[in-house]
Amino acid sequence: MINRKVTKPLLRGYFHEWMFFISVGACIPLIANSSNSIELASTIIYSIGVCMMFGFSALYHRVDWRSRVLIIMRQLDHSAIFVMIAGSFTPICLLVLPGNTGIQLLFLIWIIAGIGILQTVLFTETPRLIRAGIYLVAGYVAIPYLSVMSSVMSMTNFILTAASGTIYTVGAIGYGFQFPDISPKYFGYHEFFHILVSIAAVLHFIVIYSIVG
């Protein structure tokens with residue numbers, strides 16, 4: 001049974017709370033800018049993933065949940081990360097990558113996301129380092145497709161996509177190893193992780209908006 005007694009840093013959850021509202025405001029014009037049904041479906045899926053991740057993260061970290069509700073919120077928070085990872089690749093798979101290549105990556109990444117969600121629900125006490133590794137694996141399935149991406153994306157979008165993935169990686173490693181714990185009272189390793197996730201998400205949004213626009 002989960003029993004959270006540890007005092008959280010004062011800034012815990014604030015960054016993702018702000019990012020939730022920013023994401024909602026940014027995703028509405030993104031969806032509205034869609035010019036066909038595939039773009040519309042892609043941007044909706046992407047937007048749901050991003051808003052879910054920031055929304056559930058804010059709810060989980062900003063509220064002092066108790067007992068069974070805490071377990072459910074933790075499952076939602078961790079599961080939403082997988083939805084965000086798969087959702088972030090969906091527009092690239094459907095709107096950028098050619099034919100079967102895009103569909104192949106789309107199915108692969110959503111299957112892995114589904115497995116990740118199942119693992120999150122069934123094993124709520126998975127060690128932090130292992131959980132961080134699973135997140136990285138879910139994102140790294142796109143690595144074999146980087147050469148194709150580089151050939152069909154603009155140089156700017158490819159660099160932003162690579163930078164986003166790199167920042168996510170640094171954040172996940174910091175989360176897994178609980179480093180750097182800059183100021184445990186105000187801004188700990190988890191806040192560092194949230195900041196990097198927010199920066200990476202902004203970079204990826206620029207790419208998606210550019211693709212749809």
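For all residues, glycine too, the Cβ spot is worked out from N, Cα and C.
Automated prediction, rather than curation, is the source of TrEMBL annotations.
Over in TrEMBL, the protein carries these features:
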BINDING   His61, His190, His194  Zn(2+) binding site
TRANSMEM  12-32  transmembrane segment
TRANSMEM  38-60  transmembrane segment
TRANSMEM  80-97  transmembrane segment
TRANSMEM  103-122  transmembrane segment
TRANSMEM  134-152  transmembrane segment
TRANSMEM  158-180  transmembrane segment
TRANSMEM  192-212  transmembrane segment
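Shown here: features listed in TrEMBL, placed on the structure.
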{"residue": "His61", "record": "Zn(2+) binding site", "Cβ neighbours (10 Å)": "23"}
{"residue": "His190", "record": "Zn(2+) binding site", "Cβ neighbours (10 Å)": "20"}
{"residue": "His194", "record": "Zn(2+) binding site", "Cβ neighbours (10 Å)": "26"}
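Counting residues 6+ beyond its ends, the transmembrane segment (158-180) has Cβ neighbours under 8 Å at 92, 128-129, 131-133, 135-136, 139, 142, 146, 149-150, 189-190, 192-193, 195-197, 199-201, 203-204, 206-207 in the same chain.
Under 8 Å from some Cβ of the transmembrane segment (12-32) lie the Cβ atoms of residues 40, 43-44, 46-47, 50-51, 53-55, 57-58, 60-62, 188, 190-191, 194-195, 197-198, 201, 205, 208-209, 212, all in the same chain and six or more residues away from its ends. Highest Cβ contact count with the transmembrane segment (80-97) among the listed stretches 38-60, 103-122, 134-152, 192-212 falls to 38-60 (criterion: pairs under 8 Å).
Listed as Cβ neighbours of the transmembrane segment (103-122) (distance under 8 Å, sequence separation of 6 or more from its ends, same chain) are residues 75, 78-79, 81-83, 85-86, 89-90, 93-94, 97, 134-135, 137-138, 141-142, 145.
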